Amino acid sequence: MERSIWRGTFILAFAALIIKVLSAVYRLPYQNLAGDVGFYVYQQVYPFYALATTMAGFGFPIVLSKIIAEAQSRQDRQGVEVILATAIKVLSGLACFLFLVSFLGAPFISRLMEDTQLVRPLRILSFIFLWGPFIAILRGYFQGGRLNMKPTGVSQVAEQTLRVGLILGLSFWLFRQSAGPYVFGSAAAFGSMIAPLASTLILFWFALKEKEQLRFSVKRQWNGQVAMRLLSEGFAYTIASLALVTFQFVDTLSLVPFLHTHWHSAKTLKGVYDRSFPFIQMGMSTAVALATSSVPVFAKLKGMGSRGDYNDQLKQPMRLTIIFGAAAAFGLLFIIKETNLFLFEDHSGTWALAVMCINILSASIVIIGSTMLQGIRGVWEPIIYLIIMAAIKLGLNGLLVPPLGIFGAALATAISLGGLALIIMLRLKIYCQVRFFYAREYVILIYGLLSMFIVVFLWKFVLYLWGLPDGGRLGAGVTVVTSVGWGAVVFLLWVMRGGLLDEKDLQHFPGGKVLGRLFLKK
């Protein structure tokens, strides 16, 4: 079962890496074509896209996979068929309800955002909810019934590829037509709404190959207990995994109104602030993959009463999340000025983006920690903490944004999201009685980050001495790419030689044996 976690984690992490690269690639030309206001328009409706795709791609599949895994641990084949039939009815009804609410409620939502021109992109995006039942049920079956993450990974990449292609194609065409920023935002919403078609087709193709195993009738008896559990836990996992988007949604509703009181060009500033979220999402890839692939395996272990194995399985995903989350957060922080110039052509908002980098680590801990806490204490405990910290975020926005602008919003996010991560870590330590790191290991991690900073700083100085063009996009791109390479090598060398990663950890990753021979002590 442990190998199932790591095999699934690698598949999903690799898919997530491709997806995040595609996301970064499309945002670069999209922001350049649509401008900061056009970027703002799409980011205002993005939380609704994130809600729909997370429900269909993570929240409900992860619960469905958990319920199916529990049934299979009891060798209950008929139970699996009832679960799938119930899921189709429940999720289809929910999808239609959410579509109607978001489509008809678009004018009200746009008034809350103080921008009535957002009605069209909101209504276009509302159709995305209708794809949800197909994606959620098929991914949930493969993840829980077969412990097979390949269909999920392949469908995610196909969906994102179509999304990026549509957004860029429409954006180039609109640029030639001299379209306005709200038209660009509507086009991006359309591309995002159509993209799940690719995911649905890929999943159906995998399902056809499983037709002997994947057999059930929609006419089977409704199971009310399964329906209630699917809805309650599905929303709980969705909300917990949307911790970052929850804070982003707080900014969506409050940041522009707070900026209007003391700052000019509030929409442009909001667009600059939103540059940070693609960075954070890319850095969270490992945590999302670990959470998705771990839950069905945890469910089977818990169903078999393996408490010792269950606690052991909790420790390693969190350790890896903290190690790689810290590397991603501080690594980006060290090159944020050059990254901002390379991707967005200027240095606007660099200090705010620097503060937002820290949220990569916090958000990663929240995602994997919430998944673990939900498995131990019930699905709603992390949600309570999230609601409290989101309210604190809103209060901090009101306190910090008027005097400090988007830098204040970044501080508010870092404080509230960091507080949420700390609470979840402390609760896990109490409930599981598991020590994720010893004091010596924290020291090794800190020295690894310091070593990465020193090497990156010296490398940037060497590039300056070599006459690399300073202040230009090309020079910034060279600095970013090469600094990432040097920083990653030094950090991995330090944590491997220091014992934070051992052969057992490395064997789960492609090329792990080679890395072990190169970096581990003999």
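Backbone N, Cα and C atoms are what each Cβ position is placed from, and that goes for glycine too.
Keep in mind the model is a prediction, meaning the values are calculated, not measured.
Marked as transmembrane segment by TrEMBL: 47-69 (among others).
The transmembrane segment annotation in TrEMBL covers 122-142 (among others). With a threshold of 8 Å between CB atoms, the same-chain residues lying at least 6 positions outside the transmembrane segment (122-142) that come near it are 45, 48-49, 52-53, 55-57, 60-65, 68, 84, 87-88, 91-92, 94-96, 98-99, 102-103, 106, 109-110, 148-152, 155, 186, 189-190, 192-193, 196-197, 199-200, 203-204, 206-207, 210, 214.
The annotation transmembrane segment is assigned in TrEMBL to 154-175 (among others).
Feature annotation from TrEMBL assigns transmembrane segment to 187-208 (among others).
The transmembrane segment annotation in TrEMBL covers 229-250 (among others).
Here TrEMBL flags 279-299 (among others) as transmembrane segment.
What TrEMBL lists as transmembrane segment is 320-336 (among others). Beyond the ends of the transmembrane segment (320-336), by six or more residues, the same chain brings 279, 282-284, 286-287, 290, 350, 353-354, 357-361, 364-365, 367-368, 436-437, 445, 448-449, 452-453, 456-457, 460, 479-480, 483-484, 487-488, 491, 495, 500-501, 505 to within a C-beta distance below 8 angstroms of the stretch.
According to TrEMBL, the feature transmembrane segment maps to 348-371 (among others).
Per TrEMBL, transmembrane segment is recorded for 383-400 (among others).
Positions annotated as transmembrane segment by TrEMBL: 406-430 (among others).
Annotation comment: TrEMBL describes 442-462 (among others) as transmembrane segment.
Taken from TrEMBL, the feature transmembrane segment covers 474-495 (among others).
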Note: vs the transmembrane segment (229-250), the recorded stretch with the largest number of Cβ pairs under 8 Å from 47-69, 383-400, 406-430 is 47-69
Lying 6 or more residues past either end of the transmembrane segment (406-430) yet within Cβ distance under 8 Å of it, the residues of that chain are 243-244, 247, 251, 255, 259, 269-270, 272-273, 276, 314, 318, 349, 351-353, 355-356, 358-359, 361-363, 365-366, 369-370, 372-373, 376-377, 381-382, 385-386, 389-390, 392-393, 396-397, 399-400, 436
